[in-house]
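Now, the feature entries from Swiss-Prot:
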TOPO_DOM  1-175  topological domain 'Extracellular'
TRANSMEM  176-196  transmembrane segment
TOPO_DOM  197-226  topological domain 'Cytoplasmic'
TRANSMEM  227-247  transmembrane segment
TOPO_DOM  248-531  topological domain 'Extracellular'
TRANSMEM  532-552  transmembrane segment
TOPO_DOM  553-1187  topological domain 'Cytoplasmic'
MOD_RES   His590  phosphohistidine
DOMAIN    886-1017  domain 'Response regulatory 1'
MOD_RES   Asp942  4-aspartylphosphate
DOMAIN    1041-1178  domain 'Response regulatory 2'
MOD_RES   Asp1091  4-aspartylphosphate
Amino acid sequence: MSRVGECGGGGGCGARRGKAAHAGAGAVAGFLGCLLLVWAMGGCGRGCGGGGGEGVRDRVEEVAAQFNLSMSKLQALASLLSSPERECICKSGTINDDNPAHSMPDMSNCRLKNKPSGGNQNRLDNVIIQDCCANEDNYDKNNHENNLLQNAMQQDIGSPTTLWNQNNALSFNHGMIFSLSASLGIVVILVVITIFKRGKQANELCQHEKLLQTPSVKISRKWSKRALLLGVLVGLCSSVWIFSSMHADVVARRIENLENMCDERARMLQDQFNVSMNHVHALAILVSTFHHGKNPSAIDQKTFEDFTARTTFERPLMSGVAYALKVLHSERELFEQKLGWKIKKMETEDQSLVHDYNPEKLQPSPVQDEYAPVIFSQETVKHIISVDMMSGKEDRDNILRSRATGKGALTAPFPLLKSNHLGVVLTFTVYKYDLPPDATPEERIEATLGYLGASFDVPSLVERLLEQLASKQKIVVRLYDITNHTYPTKMYDSDVIASDDLHISNIDFGDPTRKHVMHCRFKHAPSLPWSAIMISSAVAIIVLLVGYIIYATLNSLEEAEDNYTTMRDLKGRAEAADVAKSQFLATVSHEIRTPMNGVLGMLQMLMDTELDTTQRDFVVTAQESGKSLINLINEVLDLAKIESGKIELEAVRFDVRDILDNVVSLFSEKSWAKGIELAVLVSDQVPDVLIGDPWRFRQIITNLVGNSMKFTEQGHIFIRVHLIEEVKRKMEALDDTSPENIEVTANSKNTMPYNTLSGLEVANNRKTLESFRMFKDSSDAIDSVNLLVTVEDTGIGITKDAQTRIFTPFMQADGSTSRTYGGTGIGLSITKRLVELMGGEIGFVSKPGVSSTFSFTAIFKENRKDPGDIKRYCPEPTPPDFQGMRALVVDGRCARAEVTMYHLRRLGIQCDLAATSESALSALLESCNSSVKSSLNMVLVDKEAWGEDSGLAFFRCLIDLRLKGTLKSWQTMPKFFLLAGSITPADSDCLRLAGYSNSIRKPLRLSTVAACLSKALGVGLTGRRSRDNSLVLRSVLTGKNILVVDDNAVNRIVAAGALKKYGAIVTCVDSGKEAISRLQPPHKFDACFMDVQMPEMDGFEATRLVRSVESKINDTIQAGEVSSEIYGNKAHWHVPILAMTADVIQATFEGCMECGMDGYVAKPFEEQQLYSAVAHFLEADATDPLT
């Protein structure tokens, strides 16, 4: 109780010291978790992603600088050069950054190779340009077009900017995961620290108890909660800041994504347009070379048409290509005569939409300085042949700009012929010869031969591009020509209603005089920022949770502080009550046992007088009542000692079989009176001597057997002891029988339906055994002996509702149990506690109205000393005369026969079993006709071998066989013994008439079996030392001077009478002071019995003074200062002092040993206890009266 109080107080005192710091630490931890979340979410995500993007861009710039390429051209090459197309590109020169249109290389072949450089997969591969030849046959047109568009799609996804965004997003996700894990980890660590601190504070009670009264405690409470509130507010503000920061990041990333996607589309459209422009330039070179450079011309309409049809895959974005020849007015008539058609003008000058365009209906071109009639065209625009391109305003301006600058020129958007789409026309000029870069416009106009034009369907171009992009559904694209800022022309539009976000990307189509832009918007409105909401909410929840935990902890600690004073008072009261209870038990036990000692002592002295039968019965009844009261007191004291933890187990050597024989002897009279068969069986595998507490082991078995005897009116009580390992093996071999029941099946003549000791049904305890811990995991100690003890009865059983409280102190099955059967209900509770102290378990199984079986386990140690040492612990050594004898056990009930054979084997007798009369007769006939070595020495027949009095009938059958001449040698017949639980005088006459040598009364014990066999066989008596305690006590105490010290006159009379009964010379004194004066050396006393509790001076103090005097005298004798003759010629004085008290608790016994006493005798005296106490000191001087 004191320890409980200290722990309870410790929680209050220790908590006050670190409570404020604890709350502040919790708030700081929560705030640090929030900051960690923000850092991991923002800084790490952007830092990691941005670092990766910058590294990729640096490597791309290195490659661009190495090959003298601009970033836009390098990206155009990457998008253009798909796997099959990488076989075709030029070798001559580099691409001009200023004007991609004039950087058209020759139609030579080149190839890109990937050169492994290690490191990041996103870095741009090194480009190696190698010479090779162009070969159109190596192309697959369809695959080329598909690869070109697929490469454009991959460029959209895999460009450095996009990769940077993906790395950024991935790093952001990792940061979020890391931050959430870190925050949850902080919460878990905080909770663990809280629990650890609260446990640690319980150990600081004694060091901080004074803090409770200091005023700083209340101040600490107030500031702790204020700090907690501040921490929670900071955490909530942090969650709001996290939300706003993450939401701003989401918006910024959305805008950034829009910018990236819009710029990617604009760049891809520009790159694809530049590629097409290069192909148009190549056609211009083709016309210049093979049409104007050859005479006659190598190209006609058919050739041009076939060539452009077969190379359409090179110009997937163009709707048509045509070549117009420069014709002066002076050359018009000759030209028209040569070609056979008139030069026609365009229908309208403003290039309005023309549906169902028909060249036959066009008018001749009006007279002007020069004309540009179309002479070659692609099949798709074959209807424009003979049309004068100079007759249209947009086309005329386009031609004039192109031939003056030498570069490609674009028209303003206009409706294409035979379509409703807006388009543009790209015009390149074909010159007579190569002009220097610094040629003047006049020189260029003079060298002009014709014009190659290509029309682009802008809506189809944009749609085709967007279809190849995985993210085309995310944004809406519009394309404008803003050359005229006041009235921009919409070249491409979408009908989808887009969001408010807008990004504008510039597009350069190679004509510096025209400006184009792309407007991009998200198709859908932004969704809710769920990541920001969830993370900020999680932070807020974590902050509130941590705050609640700390708040609850503070409240709990405050409650502990408030209850500390009350707990301290209760602790003091509990300690006082505990002391009072112990003192009460000691006092009550002494005050009750002291008069009971007188009562029982006087009754014993009365029994030694001449009494008639009635008077003797009265005295015996009074003795039994007194012993019952003593036993009740012992049980209450045992329970008190167990509950207070003051009981300790001994570790001495003992014989299990001898203890069980003593228990059987104790209950023999009751078993005879009730007609119950009581038996014990110990497995041969159980060691002969064990190390443990024999008294507590005997108490457990005595309680269980006494409980069974109380509730059993017929049948049997069977005690069995086995090793747990042995039972486990049998349980594995036998599935349907009791684990310890190994008997063979009974003969059919046995009328009892069950093969048990009495033939009645018993409860199977297999499930109980399987629940024991030792059956699952036996002890691995080398010298450990694990015993299983089973007490089986055929009593009334235990009801289902009472089975749950059977081991509860002072509880019985029902209210009538105590009135009907007696008892207090604490025996089984004590038994359970003692079994647990022995390291075992106890359980039971019961069938109401049938039987009950109690089983318990216990752990002992095996005695591993010399086997000859075992004899010291066997009170009744077996006579060697029985060794080698043979016995036949005749019993139809095998369980009962096994008990008989167990006791015979203890005597060294070999046993055979005959379960039927036929087998018994056969064994007898064989024995009579056999040699002396194999003959039987004895036959033990159970009185109820095959039914009531069947044992007597069996011997009569033998007499009939002898009269008939079947048994010829009657003189060689073995001795016959009858085993019976009760033998009446009539049965004794029947035995003599039947010819039995003797009868052995059950329950069987080693001593009774040995005595009966010895008397009948005439062995084991010669020279045998008698072990009768009364005779030994007389030999030990005769002539011995004993001093009895007790303040109670009745106790002095009882003690003196008990000692004088055995021949001792007794002197009595009534105080400790008188005892000291009588025991001053030299004195005549051989031993002293001293009461412990006496007025003026108790037995403890008196003993200490006696030992002090003896020690001084012994020191002087050993030092030679005095002669031993002065002290009766004794060189060493030490009188045995034995405590004589009714207080039997452990504390009293320890006090006796500490003060110098030599032994302990509990009141009232009993013969066995008295012998055990004095024999150790006085037996050496005694002589055996029988030797």
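Every residue, even glycine, has its Cβ placed from backbone N, Cα and C.
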Neighbour tally for Asp942 (4-aspartylphosphate), based on other Cβ positions within 10 Å of its Cβ: 22
In the chain carrying Asp1091 (4-aspartylphosphate), residues 6 or more apart in sequence that have Cβ under 8 angstroms from it: Val1045, Asp1046, Asp1047, Asn1048, Asn1051, Gly1099, Met1140, Thr1141
For the domain 'Response regulatory 2' (1041-1178), the mean pLDDT of the predicted model: 83
For the domain 'Response regulatory 2' (1041-1178), residues assigned helix / strand / coil by DSSP: 66 helix, 24 strand, 48 coil
Structural state census, the domain 'Response regulatory 1' (886-1017) (DSSP three-state): 65 helix, 25 strand, 42 coil
